[in-house]
Amino acid sequence: MEKINYQNFRIEAENICVDYNGKVALYDANLRLKSGQICGLVGMNGAGKTTFFNALTGFVNISKGKIRINGESVRSAQKDQTIAYVPQNEGIDSQFPISVWNVVMMGRYGSMNIFRCPRESDVQAVKDAIERVDLTNHLSTPIGNLSGGQRKRTFLARAIAQRASILLLDEPFSGVDIRTEKLISELFIQFKNEGKTILLSTHDMIHVREFCDLVLLINKTVVAYGETSEVFTPENITTTFGGISPDFLFGPES
Amino acid sequence: MELCSFLTLDSFITDPLTHDFMRKALLMSSLVAAVCGFLSSYLTLKGWALMGDAVSHSVMPGVVVAYALGLPFSLGAFIFGVGSVALIGFIKQKSRVKEDTVIGLVFTGFFALGIVLVSKIKSNIDLHSILFGSPLGISLSDVKQTIFISLLVVILLSIFRKDLMLYCFDPRHAKTVGINVFFLHYLLLTCLSLAAVVGLQSVGIILVVAMLITPGATAYLLTDKFDNMTVISVLSAIISSLIGIYVSFWFDLETGGSIVLAQTFIFLFAFLFAPRYGIFKLKKLFAGYK
């Protein structure tokens, strides 16, 4: 019976807590997302955004609460490669000697044999993914020689090649050029139409209004969660950012 | 008298080969260099230089205890190598002391324990050969053990080559797609302990960390491709071993030190003249002549 309740939700996090050596990073956080929904994760630095992502991917263990991905445990989501994580540009070693092709191929590793020998279908998936992010001219370029935007697109391509139904994106718009920003925006619309579920963290309030059906405001715990039009109010934003007004944070237009 | 032999390059290379111990030393050191070079590219990229230092020093008491008990010394070294890492992790988690301090503290403690044990346990352990290596005096049982461990490490690294690359590059993604990151972490540590064990025979415990860091660092300056990096790392390690042994033979120098110095010179050469990342950027220099 319990499973049927979860089936409607791609992501279901219930009262989750995460602590690092006794230091609380996130407590009593809840989130429910369905197929085709885009949710913005908004909060200050250190508010627990990355911790939230880490909990959903199973990179850190939760000390309390429950996480269900497509009604299953995080571990089976890992086995099925249900979730793809697109890191911040700062989160990766850009000097690592690896080409665009090989990074995107890593999206297929989970479904390959132990030697990670690419099959024809893997090669095709990687080719298609690279084409979708418009990097076909950079197949063998080392990632250290790419611009910030191109690097971001490489990791998006890895997520596409993985064919995950849930995408977690850490600051997808930070440090990218206009062209990449436009391409990411277009991809979001395509992902939504394909029924993918997207959770993205961002500092940019305009992007939240533009793309996100839902917004999750956090400051160690959930401050507010719901439809963007209802929840993304100056009062809630002020509370999330520790009493600083949104006018001050983002200019009077926000 | 020996200087006369220098007149021909031919005899410089072939003369030492007439000695059985030299042939064995050249073969064994090349094998050890290949293993350490292979592992080195992973350690460099993972940022585990200090960890390599720690593990290689921590195997010391293991070697001594194993000798005293008549066990294969690789077994003792392995237990203490992995044990030191576990202890580092434990102290880091349970105290407010920073990680580099904990590493320094633990490995010097282990190393000191090893030295004290050597002085206490009456046996035929030659402290000098453990500290500084003795590729010229390697025994038959050591040869067998070295070959076995080297093959084991090379096979493990080859099987999990791509997974380890992913683990070094982006462990979070590895975890997200269901790859066992915990296993890879300990696999790399195991290989590190084993490589330290075979490496200490050619250059000794004090310098073995150079075998585990320098080839990878050299290769890192010379290429942007991971596969090439591994190949360059292995080749530079083997070449330095050969140079080191020949030089030590002809000039009567400490062998371990000579091998590591050869590695350091190759690194310096790459540091100065690497096509893209060297200080003088050879590519640009040549471009100027066109």
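Cβ atoms are placed via backbone N, Cα and C, with glycine included.
Just so you know, TrEMBL annotations never went through curation; they're auto-generated.
Feature annotation from TrEMBL assigns transmembrane segment to B:25-45 (among others). Long-range contacts of the transmembrane segment (B:25-45) within the same chain: residues 16-17, 51-52, 135-136, 138, 143, 146-147, 149-150, 153-154, 157, 164-165, 168-169, 188, 191-192, 195, 198-199, 201-202, 208, 211-217, 219-220, 226, 229-230, 233-238, 240-242, 244-245, 255, 259, each at least 6 residues beyond the stretch ends and with a Cβ under 8 Å from a Cβ of the stretch.
For B:65-90 (among others), the entry in TrEMBL reads transmembrane segment.
Long-range neighbours of the transmembrane segment (B:102-123) within the same chain, counting only residues 6 or more positions beyond its ends whose Cβ lies under 8 Å from a Cβ of the stretch, are 50-51, 53-55, 57-58, 60-65, 67-68, 80, 84, 87-88, 91-92, 95, 130, 205. Sequence annotations record features per position, and here TrEMBL assigns transmembrane segment to B:102-123 (among others).
Per TrEMBL, transmembrane segment is recorded for B:143-160 (among others).
What TrEMBL records for B:181-198 (among others) is transmembrane segment. Taking Cβ pairs closer than 8 Å, the transmembrane segment (B:181-198) reaches residues 31-32, 35-36, 39, 42-43, 46, 48, 51-52, 55-56, 59, 63, 73-74, 77-78, 81-82, 85, 146, 149-150, 152-153, 156-157, 160, 163-164, 167, 171, 174-175, 205, 208, 211-212 in its own chain, all 6 or more past its ends.
Same-chain residues lying 6+ beyond the ends of the transmembrane segment (B:204-222) with a Cβ under 8 Å from its Cβ atoms: 32-33, 36-37, 39-45, 49, 52-53, 56-57, 59-60, 111, 129-134, 192, 195-196, 228-234, 236-237, 240, 256-257, 259-260, 263-264, 266-267, 270-271, 274-275, 277-278. Sequence annotations record features per position, and here TrEMBL assigns transmembrane segment to B:204-222 (among others).
Positions annotated as transmembrane segment by TrEMBL: B:229-251 (among others). Within the same chain, residues 2, 5-6, 12-13, 16, 22, 25-26, 29-30, 32-34, 36-38, 40-41, 135-136, 161, 202, 211, 214-216, 218-220, 222-223, 257-263, 266 sit at least 6 positions outside the transmembrane segment (B:229-251) and bring their C-beta atoms closer than 8 Å to a C-beta of that stretch.
Among the features that TrEMBL reports, transmembrane segment is placed at B:257-274 (among others).
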